[in-house]
Amino acid sequence: MDKIKMTTPIVEMDGDEMTRILWQMIKDNLLLPYIDLKTEYYDLGLEYRDETDDQVTIDSANATKKYGVAVKCATITPNAARVEEYHLKEMWKSPNATIRAILDGTVFRAPIVVKGIEPCVKCWKKPITIARHAYGDVYKASEMRIPGPGKVELVYTAEDGTESRELVHSFNCPGIVQGMHNVNKSIESFARSCFNYALDTKQDLWFATKDTISKKYDHTFKDIFQDIFDAEYTKKFEDAGITYFYTLIDDAVARVMKSEGGYIWACKNYDGDVMSDMISSAFGSLAMMTSVLVSPDGNFEYEAAHGTVQRHYYKHLKGEETSTNSVATIFAWTGALRKRGELDGNRELMEFADRLEKATLDTIEEGEMTKDLALITTNPNPVVLNSGDFIKAIARRL
Ligand code: NAP
Ligand code: MG
């Protein structure tokens, strides 16, 4: 059989620990036998990031801008313990944060839905994708403890020195205060990424804030989304047969619980942080969540939502057997291959991505799975496979 040819490379970002082991197994068993795989390889493993003073992360993000499609393995975000463990020169920033800043993107997280792993919410039949705005608000706020009576004001000083003020509160006892911000440019990028991803995946887009209470702050989010939609996307959405729907955050939460899924829910930074944890645990497992970073000018970086599964890696290093779930990492690859195929008009590559996803889901539906899924499946007799055998079971069906 001739291998599937590729014209443009995918940017490949290798990573750390257990997911780095899975990465190689996926390539060896599921990709290289069938595809003449063209990638531009960047080693984002922590050792090489340290060796290059993290330049490799910046280079990989710039390559994504050049080629448009990347696939990323989970990576360690260094903390004090990791600095010691890897004798790092510095506590390097999270690669995801670096890449997101360069691509100016929004992260979309969606569960992989499979028979036998049922969501806690019975009416959810299709995935719910969360889009989280990743700039500002409470994550970049200034806070003060107010020791006693006195007044707190917001003060804006324009470049010409003129001031405008807004009273926050006249305190007559101790209290607390917080000042947060966002910038229109970031909200506009967020809106465009959401509209583009809705078109790309042919799903409705929901957006919600607390604009009835927050008449300037949240209302600005609502207005920016609506203005961009009216000016640039009305016709495109109509043609694609999808809708943009704005509502109050309370109403959105109530509707989500009664919906059957199958849409994108755009959230402000804090809402997205909280709601994505709710959605992912309600759908079953972190190991079944995919994540894609979409830039407003249409670059895509696919990855698994989980981390490097450190605990399993240490077992692996001791020679013990692991049963680590590779589904989200496989779907990161299929997402990237399908998008590459779509951009290059390479139908074979797109069909391969479909087949690999089907083989993966069939494996689980036919009862062969890793331990994390065996613990939550409704299948009465699951067969628990180790990390390597699970990938081989998929390869047999592929
Ligand atoms: P994690 O790697 O997501 O794993 C946490 C736990 O979740 C695991 O110990 C395991 O539970 C379970 N789990 C996660 N993925 C699984 C999979 N594919 N198969 C089976 N079980 C899975 O989070 P962490 O241990 O807190 O973080 C480890 C490293 O990952 C950290 O250095 C962190 O910086 C990094 N991280 C990277 C990314 C990213 O690159 N996008 C995201 C998050 C974290 P059991 O131990 O109970 O089996
Ligand atoms: Mg969270």
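For all residues, glycine too, the Cβ spot is worked out from N, Cα and C.
In TrEMBL this protein carries:
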- T75, I76, T77, R82, K258, G307, T308, V309, Q310, R311, H312, N325: NADP(+) binding site (BINDING)
- T77, S94, P95, N96, A97, T98, I99, R100, R109, R132: D-threo-isocitrate binding site (BINDING)
- D250, D273: Mn(2+) binding site (BINDING)
- 9-394: domain 'Isopropylmalate dehydrogenase-like' (DOMAIN)
- Y139: site 'Critical for catalysis' (SITE)
- K210: site 'Critical for catalysis' (SITE)
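Positions of TrEMBL features highlighted on the structure.
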| residue | record | CB count, 10 Å |
| --- | --- | --- |
| T75 | NADP(+) binding site | 26 |
| T77 | NADP(+) binding site | 17 |
| A97 | D-threo-isocitrate binding site | 12 |
| I99 | D-threo-isocitrate binding site | 25 |
| Y139 | site 'Critical for catalysis' | 12 |
| K210 | site 'Critical for catalysis' | 17 |
| D250 | Mn(2+) binding site | 11 |
| K258 | NADP(+) binding site | 9 |
| D273 | Mn(2+) binding site | 17 |
| H312 | NADP(+) binding site | 23 |
Study note, to complete from the structure: argmin Cα dist to T308 (NADP(+) binding site) over the binding-site residues P95, I99, D250 returns P95
Review point. Which binding-site residues of T75, K258, Q310 contact ligand 1 in the sense of C-beta under 6 Å?
Key: T75, Q310
Revision key, fill the gap. Cβ contacts within 10 Å for T308 (NADP(+) binding site), all chains included, total 23
Practice item. Measure from the CA atom of T75 (NADP(+) binding site) to the CA atom of P95 (D-threo-isocitrate binding site) and give the result in Å, rounded to a whole number. Key: 7
**Study point:** For D250 (Mn(2+) binding site), the three-state class that DSSP assigns
**Key:** helix
Review point. Just checking: which of the recorded positions A97, K210, D273 have a C-beta under 6 Å from ligand 2?
Key: D273
Check your understanding: How far is it from R109 (D-threo-isocitrate binding site) to H312 (NADP(+) binding site), counting Cα to Cα, in Å?
Key -> 23
Check your understanding: Which number gives the other C-beta atoms within 10 angstroms of the C-beta of Q310 (NADP(+) binding site), all protein chains shown included?
Key -> 15
Review point. Can you tell me the three-state DSSP label for T308 (NADP(+) binding site)?
Key: coil
Revision key, fill the gap. Of all C-alpha pairs drawn from the NADP(+)-binding set T75, I76, T77, R82, K258, G307, T308, V309, Q310, R311, H312, N325, the farthest apart lie at a distance in Å of 43
Check your understanding: Do you know offhand how many angstrom separate D273 (Mn(2+) binding site) and Y139 (site 'Critical for catalysis') by C-alpha?
Key -> 11
Study note, to complete from the structure: Students should find that the Cα atoms of H312 (NADP(+) binding site) and K210 (site 'Critical for catalysis') sit apart, in Å rounded to an integer, by 42
